[in-house]
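J.: After the structure tokens below, expect a handful of questions from me.
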Amino acid sequence: MTKVAINGFGRIGRLALRRILEVPGLEVVAINDLTDAKMLAHLFKYDSSQGRFNGEIEVKEGAFVVNGKEVKVFAEADPEKLPWGELGIDVVLECTGFFTKKEKAEAHVRAGAKKVVISAPAGNDLKTIVFNVNNEDLDGTETVISGASCTTNCLAPMAKVLNDKFGIEKGFMTTIHAYTNDQNTLDGPHRKGDFRRARAAAVSIIPNSTGAAKAIAQVIPELKGKLDGNAQRVPVPTGSVTELISVLKKNVTVEEINAAMKEAANESFGYTEDEIVSADVVGISYGSLFDATLTKIVDVDGSQLVKTVSWYDNEMSYTSQLVRTLEYFAKIAK
């Protein structure tokens with residue numbers, strides 16, 4: 001049994017516990033978050049985006065009892081002071097958003113944990129993993145890795161198929177992305193000074209940046225410098241879609257692209273020919289769900305622009321990928 005600790009019990013941390021409860025061989029034995037335990041339990045049980053937890057959670061002194069099993073709860077600001085060694089923690093899922101650098105994340109290792117998976121993009125000194133794209137880059141010697149971002153987990157499988165089958169010369173991606181906690185619910189000063197994220201999240205389409213296109217080079221090195229992109233935050237609480245416009249090294253047809261995507265489908269990369277909308281992907285476990293109905297090609301005098309589209313639940317799709325990465329990472333470390 002792989003013992004897991006979750007540091008940071010926010011959107012991703014809470015959904016990670018839900019997902020891990022469904023995975024044989026993984027057990028969450030501890031959670032660390034500075035928020036009051038009763039508040040955390042309430043937010044875990046009732047979720048406006050993902051629905052009510054299909055199980056039981058109780059709060060006791062220093063612990064949650066989840067489906068009859070005790071999970072220790074800490075409120076320690078310094079991860080180096082956490083009792084990971086005493087608890088025999090194999091992997092920490094680092095979900096606070098504050099410990100995204102290798103040196104900071106290694107505080108968990110100094111506290112006695114064996115490995116750390118960061119639920120956010122990290123520096124170039126760490127391996128960035130998108131499961132079923134480049135997880136085989138891990139050799140078991142790593143102590144800290146990054147699980148990339150939700151958008152990179154959506155983009156990477158689609159980009160990998162295009163690059164492997166047809167070659168990508170260059171491209172530009174746009175994610176039409178649900179709003180998140182780094183935006184304001186009503187107009188007001190933004191903590192990072194962002195004028196657009198200072199505006200009410202649920203009433204506007206809000207242009208934003210994304211590092212997903214450039215970060216793809218950490219997952220697929222052949223694409224370094226070939227992709228860029230941006231984001232448009234839209235008034236939905238979860239459920240997003242990524243559009244990739246690319247110039248390929250060979251001319252293709254819509255049928256050839258869709259066939260290649262269908263052939264590549266797996267637990268991380270789904271394929272659909274249904275005419276779905278964002279509400280239909282809330283709660284899916286695919287990190288990326290390719291939509292064959294939206295593949296388009298513009299051909300002018302033999303020069304092509306190719307548009308491919310993939311859906312994702314920026315919460316649960318990403319969390320599912322993180323848990324797959326964590327499980328794989330733990331196994332190769334032993």
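Placed from the backbone N, Cα and C atoms, the Cβ positions cover glycine too.
When I checked Swiss-Prot for this same protein, it listed these features:
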type	residues	note
BINDING	Arg11, Ile12, Asp33, Ser119, Asn181, Asn314	NAD(+) binding site
BINDING	Ser149, Cys150, Thr151, Thr180, Arg197, Thr210, Gly211, Arg233	D-glyceraldehyde 3-phosphate binding site
ACT_SITE	Cys150	active site, nucleophile
SITE	His177	site 'Activates thiol group during catalysis'
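In the displayed structure, how are the listed features positioned relative to their neighbours?
T.: The 10 Å shell around the Cβ of Ser119 (NAD(+) binding site) contains 30 further Cβ atoms across the protein chains shown. The DSSP secondary structure for Ser119 (NAD(+) binding site) is coil.
According to its DSSP assignment, Gly211 (D-glyceraldehyde 3-phosphate binding site) is coil. Over all protein chains present, the Cβ of Gly211 (D-glyceraldehyde 3-phosphate binding site) has 14 other Cβ atoms lying within 10 Å.
Sequence-distant neighbours of Cys150 (D-glyceraldehyde 3-phosphate binding site) (same chain, six or more apart, CB under 8 Å from its CB) are Ser240, Tyr312, Asn314, Glu315, Ser317, Tyr318, listed in sequence order.
Note on His177 (site 'Activates thiol group during catalysis'): other Cβ atoms within 10 Å of its Cβ, all shown chains, come to 25.
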J.: How far is it from Ile12 (NAD(+) binding site) to Gly211 (D-glyceraldehyde 3-phosphate binding site), counting Cα to Cα, in Å?
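T.: With distance taken Cα to Cα, Gly211 (D-glyceraldehyde 3-phosphate binding site) is 19 Å from Ile12 (NAD(+) binding site).
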J.: Using C-alpha atoms, which one of the binding-site residues Arg11, Arg197, Arg233 comes nearest to His177 (site 'Activates thiol group during catalysis')?
T.: Arg233
J.: Reported as an integer number of Å, what is the Cα distance between Ser149 (D-glyceraldehyde 3-phosphate binding site) and Asn181 (NAD(+) binding site)?
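T.: That separation, Cα to Cα, works out to 15 Å.
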J.: Near Thr180 (D-glyceraldehyde 3-phosphate binding site), how many other Cβ atoms are within 10 Å of its Cβ?
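T.: Its Cβ has 17 other Cβ atoms within 10 Å.
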